[in-house]
Amino acid sequence: MIQHPRIGIRPTIDGRRQGVRESLEVQTMNMAKSVADLISSTLKYPDGEPVECVISPSTIGRVPEAAASHELFKKSNVCATITVTPCWCYGSETMDMSPDIPHAIWGFNGTERPGAVYLAAVLASHAQKGIPAFGIYGRDVQEASDTAIPEDVKEKLLRYARAALATGLMRDTAYLSMGSVSMGIGGSIVNPDFFQEYLGMRNESVDMTEFTRRMDRGIYDPEEFERAMVWVKEHIKEGVDRNREDLILSKEEKEKQWEFVIKMFMIGRDLMVGNPRLAELGFEEEAVGHHALVAGFQGQRQWTDHFPNGDFMETFLNTQFDWNGIRKPFVFATENDSLNGVSMLFNYLLTNTPQIFADVRTYWSPEAVKRVTGHTLEGCAAAGFLHLINSGSCTLDGTGQATRDGKPVMKPFWELDESEVQAMLENTDFPPANREYFRGGGFSTRFLTKGDMPVTMVRLNLLKGVGPVLQIAEGYTLELPEDVHHTLDNRTDPGWPTTWFAPRLTGKGAFKSVYDVMNNWGANHGAITYGHIGADLITLASMLRIPVNMHNVPEEDIFRPKNWSLFGTEDLESADYRACQLLGPLHK
């Protein structure tokens, strides 16, 4: 059984015996326990289990104790460390020198002992040795007897832990390409060096004929297939067929296509993570899967010109339920856009929520909306908005039909209930695919995302000579008047899932206007997650050494390793590029 990645907590202490160290043992170890309790009681793994922490076997005052802690962490699948101390310690003697995992240090802000002095000293050693570390120092002085973790310290500890866990969850997993390059899209030209060096992942690949092989040879669970057919007939609403009359399939042909796309879903899932049921059926090799944390399906055009498209498969892999019940989502990219798949993966690992994959299709200015519909935009939409619409697939969680405190949300699967599942299904239909584009047919997904949800749109791009760069745009989904929505939606493809998105403007750079956001977006796709998580993404990017070229996160929320400030404090964007370039990828 594969262990969850864990956070290692390192209580460091003044090594002087005969009174000094002894007086600090309890306080120092209690700091470590408090941090472990905070993380385990607040954060969860994608499977819903509490995040696990490992505390060093003793306080760390000298090198042998640092070495003992290091050995324990190696055996315990520790993916990141947090060092805590209320006092002076011996900097380079007590630091963790593992170069391939993130590190953070919390120095207690008190007057009795110089925790802040150790923090500064050990961070200087980290910078000198080229091993980045995040510095955490409370804004307010605390009493030595105060065991509470201040709110500003909590925020940084949790931000660090979320991002660090994401690095650990990605390590030693795979990206699975089902097919190859789709329609010349750059993101589907999969770059194995990026995955290996920045994410610690490997690349797997299967030809799309693997789907037809498994169908023809019965390499799927026939009992599950029958159960799925019953569920689909009961719960899935087939939408309006908008095809030309000569392209409309007969009822019998559509029935066959439903069977086909259900099998596609089952096979796509089994390819990613395996299925022990296949071994029982005599298919031991296929039963193991590809250990894929994220995958993509080429589809267009070689597959979709002949077979039903991947929309149903992609939709339900990214959704948190199917005929087997509520479960965690998969991360699955349309058109094998691996870079958007990774963007979705970053979002997912930071939030444990499903992801919207969308084309960044159209910028609608207030003037254009007024001209076309007669409607004057107000509120969040007053400066215009972006039409996010994928060509046929999207997680059903993207409907916004789940709620928390009466507001629409996208939330982890363990919070989802059956009434919310039914609401998602009732607010979605599955029209036959547009056969001018998808000659082989299939069924697209059609819904409208509810408005007033805080969301973050993300995109990873590869820049020759630089490497990966990340873009982040926080904003809100919009709910337009029904007639305005239909007028605008019908100008594209009303059989596809739509999200209206207004990024939050800052008045400068790429966020001077909504037009500038669209104009500076690096690719045709974006990954959209629930919540404003730009600060977490910036922290994660710094751990992976990926510079952020565009974001609208307030400066006070940016949390990067301390040595980033040594690359400059006035122009943080340029300092980020220089730090990432000098340090190089996390796993190189």
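Glycine residues also receive a Cβ, built from the backbone N, Cα and C atoms like all the rest.
Annotated active site, proton acceptor per Swiss-Prot: Glu335, Asp359, in sequence order, evidence recorded as sequence analysis. Look at Swiss-Prot and you will find Glu335, Asp359, His525 tagged as Mn(2+) binding site.
Take the mean position of the Cβ atoms of Glu335, Asp359, His525, the recorded Mn(2+) site; other residues of that chain with a Cβ within 8 Å of it are Ile185, Gly187, Thr334, Asp337, Asn340, Phe357, Ala358, Asn390, Ser391, Ala523, Asn524. When Cβ neighbours within 10 Å are tallied across all protein chains shown, the highest count among the active-site residues Glu335, Asp359 belongs to Glu335.
Its Cβ taken as reference, His525 (Mn(2+) binding site) is surrounded by 24 other Cβ atoms within 10 Å in the chains shown.
In this structure, Glu335 (active site, proton acceptor) belongs to neither helix nor strand by DSSP; it is coil. Looking at Asp359 (active site, proton acceptor) and Glu335 (active site, proton acceptor), their Cα atoms lie 11 Å from each other.
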